[in-house]
Amino acid sequence: MAAVTSSCSTAISASSKTLAKPVAASFAPTNLSFSKLSPQSIRARRSITVGSALGATKVSAPPATHPVSLDFETSVFKKERVNLAGHEEYIVRGGRDLFHLLPDAFKGIKQIGVIGWGSQGPAQAQNLRDSLVEAKSDIVVKVGLRKGSSSFNEAREAGFSEEKGTLGDIWETISGSDLVLLLISDSAQADNYEKIFSHLKPNSILGLSHGFLLGHLQSIGLDFPKNFSVIAVCPKGMGPSVRRLYVQGKEINGAGINSSFGVHQDVDGRATNVALGWSVALGSPFTFATTLEQEYKSDIFGERGILLGAVHGIVESLFRRYTENGMSEDLAYKNTVESITGVISKTISTQGMLAVYNALSEDGKKEFEKAYSASFYPCMEILYECYEDVASGSEIRSVVLAGRRFYEKEGLPAFPMGKIDQTRMWKVGERVRSTRPAGDLGPLYPFTAGVFVAMMMAQIEVLRKKGHSYSEIINESVIESVDSLNPFMHARGVSFMVDNCSTTARLGSRKWAPRFDYILTQQALVAVDSGAPINQDLISNFVSDPVHGAIQVCAELRPTLDISVPAAADFVRPELRQCSN
């Protein structure tokens with residue numbers, strides 16, 4: 001998931017005069033020697049095709065693409081081979097018992113600069129600092145922010161200070177660091193990358209927690225300068241989850257959020273070890289390989305899909321349906337939000353999607369099948385469109401433009417993001433949570449389960465046909481949903497889940513949730529009400545899908561404990577700490 005928030009955009013915009021400036025294809029003043037892509041390459045990246053129909057009558061499935069090889073070599077950590085649905089992949093397990101290897105992984109690094117204090121910034125800065133202290137390393141973790149900003153004060157409260165040399169100005173921190181973790185908002189990265197690159201030391205390492213910047217550069221025919229390495233470590237969850245599970249796992253050899261890692265360019269042979277060290281220091285239970293391009297496509301797509309936008313659309317659509325059909329508001333909320341974020345998520349997390357179906361009675365299975373059959377292809381239609389909007393660069397441009405609308409310009413007012421939890425449904429949710437017994441996971445409501453699992457399976461199928469690895473597919477479609485994000489909606493509602501995430505994720509959820517709500521209401525639910533027959537081929541394919549075995553393998557690698565989101569959570573975004581139930 002993207003590792004940024006809009007507060008960082010404000011910090012960068014105040015420090016740079018390049019914000020919102022049209023981007024040129026070359027930068028003579030700083031002589032950064034960008035690699036320019038050929039017109040043929042650019043056209044190839046933007047091409048859109050259609051493929052086989054998967055037996056559907058309305059929607060063609062995405063064309064099948066063969067996964068790229070993601071093998072890697074490390075001289076510091078142990079690489080393990082896993083088999084996921086017949087595909088061999090490689091991972092590195094984490095754990096506090098590996099912290100003593102961090103000095104070797106970070107060889108040649110004296111200072112790690114963490115730029116930004118949004119969703120991921122606080123978590124990553126604190127986790128890295130604490131892990132390096134435990135490893136008895138003298139590497140300095142320094143946070144770079146705009147002086148005088150509210151974020152500067154928040155970083156002080158987290159134990160970083162100018163006096164200790166662990167807090168400073170953005171640009172001096174970039175210039176003085178050997179590894180720079182760029183965790184500002186994606187739109188701020190897109191508007192300020194020229195200045196950022198010019199401040200990096202030669203042979204330093206630029207670390208990203210999202211491949212968005214690569215996607216933006218590709219969309220304008222550019223690549224990174226060749227005088228520094230570029231790596232990525234991308235936690236599969238929001239920043240507050242990364243920190244919370246790290247703290248919870250201190251007594252049990254660590255727990256945290258799984259991460260993907262990628263090496264885009266390596267100027268001196270250190271990049272893989274540094275990336276894996278970064279991931280282990282964050283507390284990742286396991287780390288799997290990807291590329292920056294595959295990461296940004298799956299990540300931006302995933303958060304608009306089942307991770308945030310789609311699940312929001314599902315519960316809005318079903319709550320409205322249930323109440324219109326005579327169900328009480330409280331029960332409708334329990335049978336939508338509480339069901340998905342409680343028992344359904346818990347079951348999928350520990351036993352997989354098939355266990356949800358198998359836990360139902362025979363009548364319950366029929367309700368599940370009816371909902372699944374009617375929802376699968378409408379869900380895929382929007383998911384397919386969303387993926388291709390991301391892959392073509394359209395969604396990336398949308399994020400950049402939205403970030404610029406946060407500020408007054410061209411005589412038009414600023415348009416910050418609005419609230420998403422002020423409707424009747426979410427007020428009902430406050431009442432339901434206020435009387436919910438501790439540990440209550442809600443009812444396993446078959447129809448809701450059928451729609452939710454259909455969305456999850458449709459997302460898996462799109463990513464599979466687009467050539468993503470099973471580890472990436474399962475993390476972006478299943479694990480992040482049930483282990484990192486849904487627990488936050490269970491705790492305090494949809495805004496507490498969505499708005500603890502990055503700016504890119506928050507924008508995408510707001511944009512795409514209504515699309516899923518609409519298509520479910522207009523197509524899936526209408527099909528159910530009209531008595532459309534259950535597509536037994538879809539049900540058979542679901543029951544026998546090889547992804548279930550792959551999920552079981554990944555479940556064995558999940559965090560060693562479940563995330564706890566208490567009422568007085570102090571590890572979330574400050575503006576969300578004092579919200580109501």
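Here the Cβ of each residue, glycine as well, is placed from N, Cα and C on the backbone.
Swiss-Prot names E476, E480 for binding Mg(2+) 2. Of D299, D330, D363, the residue it gives for the same site is D299. The sparsest Cβ neighbourhood within 10 Å, among the listed recorded positions (K147, H210), is found at K147. One residue stands out among the binding-site residues S119, S150, Q189, S502 for having the most other Cβ atoms within 10 Å of its Cβ: S119. When the binding-site residues K147, D186, Q189, S502 are ranked by how far their Cα is from the Cα of E476 (Mg(2+) 2 binding site), S502 comes first. For S150 (NADP(+) binding site), the spatially nearest entry among the recorded positions H210, E303, E480, S502 is S502, judged by CA separation. Look at H210 (active site): DSSP puts it in coil.
Ranking the recorded positions H210, D299, E480, S502 by Cα distance from S119 (NADP(+) binding site) puts S502 first. Secondary structure at E480 (Mg(2+) 2 binding site), taken from DSSP and collapsed to helix, strand or coil, is helix.
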